[in-house]
Amino acid sequence: MQKETFTLSLQPQRFAALQPIKTWSLHGFLLFLPASIAFAQICLSLLALTYLAEALTTRTLAIPRTPINRPLLSYLLVTLVATLFSTDVLTSVGELKGLLMIGVFYLVYLSITDLRQLRRLTALLIVYVTLAALYGILQHYLEVDLFRLSRPISFLKHVDDDLTAPVRVSGFLSYMTFSGHLAMTLPILCAYGLTLNQQRHKLLTALAGILIGLALLWTYTRSGWLGAACGLTVLVLYPRRKHWTILLLLLCLLLIVIGVQPKLLDRSLSVFSAKENLERLYTWDSTLVMILDYPLTGIGKGNYSTLAPSYRTGYDLDFSSRAHAHNNILQVAVEGGIPSLLCFLWLWGVIFRTQYQTFRRLPDTDTTLKPLSLGFLGATVAFFIQGFFEHNFGDSEAVMMLWLIIALSFKLPEFAGEKPR
């Protein structure tokens, strides 16, 4: 009797009966991504199950060849080794579940089959984030979270926890995660607008940009503002002049809103105040000391909040947060040691290089893929910049959107020369 074996493939063997389930699972993931992590993960699980069923049915296991495979595998292996030497192994093992978010990249990457689908997914992402932004604007005026009205967290946080200060809108998530979603979506939205021809579609895109921009401002999250600004700046690389109009309109909107609400200006200027950022500076300083004490294997995932207080006794400050280092690079280094940090930086270097090379290699005459490639690059830059001030790489909702965007950007070269339908 011949023994059945699995065949490795770069692309999954499509099983027609499962395609509708895949489509609705992917669309459901996009719908719930800005609204509910639980439902988003349910949709992802369903999508993963369809691929598992497809693999069992066709006896073919799809492992796509992507530029990040090697650095990603290296990062995972180093993280697993570091876990064995962590200060609390059981806690670190439990925290490894966060690495499952990497699966978003491969699930989305394998699901996209043509340019039309990629454009549709991009448009749906913009629409759903815009709806979340609209709800955030409603929160700004009502100063309450209607979505969580029956829970204690229905009262929104105020800037600096001052009840006389403006509220920080959060959409359906936390204000920090919400700002990250908005910051990543803005460059994609502007780039998508460059691909449109009909005037009414451009006007709708501009309206969406205004809503997302206002919601982002009213999160009062400075790292999100800075990330969005850097992500939008990437658009100046676009060879045509259309982007200047978009950036100028967004700048005018920013100046108008800041002029009407001086608190936004005060919040913006506080970025340059050492006194206003003293806790974050002390957090970084104490984290560097922790890294020096555990340079090779780190302290392990999930152990930062336990060890951090003992490293902060020398500072004349009452720290309000000890959950993380408020910096992705420092957090990765303190949890996994210097080897983990090197793999992490290698991974990011490959991501940025691949996205930029995609943009450079696409012809200027390609008015669909060229701007989209730049928008995805800008979104990735927005996430990375925000990660200098927050540990957004440990935020499941933010990381899921990041891997989604990277998957979309990595699929673009396959559709070069294909005309959108």
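Just so it is clear, glycine is given a Cβ too, placed from its N, Cα and C backbone atoms.
These come from TrEMBL:
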DOMAIN    208-345  domain 'O-antigen ligase-related'
TRANSMEM  29-52  transmembrane segment
TRANSMEM  72-90  transmembrane segment
TRANSMEM  96-112  transmembrane segment
TRANSMEM  124-142  transmembrane segment
TRANSMEM  172-194  transmembrane segment
TRANSMEM  201-218  transmembrane segment
TRANSMEM  224-239  transmembrane segment
TRANSMEM  246-265  transmembrane segment
TRANSMEM  329-351  transmembrane segment
TRANSMEM  372-389  transmembrane segment
TRANSMEM  401-417  transmembrane segment
Proximity verdict for the transmembrane segment (72-90) and the transmembrane segment (201-218), three or more C-beta pairs under 8 Å: no
Most Cβ pairs under 8 Å with the transmembrane segment (372-389), selected from 201-218, 224-239, 329-351: 224-239
Which of 124-142, 172-194, 201-218 contacts the transmembrane segment (224-239) most, counting Cβ pairs under 8 Å: 172-194
Selected stretch (most C-beta pairs under 8 A with the transmembrane segment (29-52)) from 96-112, 124-142, 172-194, 201-218: 124-142
Overall pLDDT of the domain 'O-antigen ligase-related' (208-345), taken as the mean: 81
Spatial neighbours of the transmembrane segment (96-112) far in sequence, C-beta under 8 Å, 6+ residues away: 11-12, 22, 26, 44, 47-48, 51, 62, 64, 66, 68, 72, 76, 79-80, 83, 118, 121, 301, 394, 396, 399-400, 403-404, 406-408, 410-411
Long-range neighbours of the transmembrane segment (329-351), counting only residues six or more past its ends (CB under 8 A): 67-68, 71-72, 74-75, 78-79, 82, 284, 287-288, 290-291, 294-301, 303-304, 380, 384, 387-388, 391, 393-394, 406
For the transmembrane segment (124-142), sequence-distant contacts whose Cβ falls under 8 Å of one of its Cβ atoms, 6 or more beyond its ends: 27, 30-31, 33-35, 156, 166-167, 169-172, 178, 181-182, 185, 188-189, 192, 205, 208, 211-212, 214-216, 218-219, 404
Intrachain residues whose Cβ lies under 8 Å of the transmembrane segment (172-194), provided they are six or more past its termini: 33-37, 122-123, 125-126, 129-130, 132-133, 135-136, 147, 156-157, 202, 205-206, 208-209, 212-213, 215-216, 219-221, 223-225, 227-228, 231-232, 234-235, 238, 240, 242-243, 246-247, 250, 367, 371-372, 374-383, 386, 390, 392, 395, 397-398, 401-402, 405
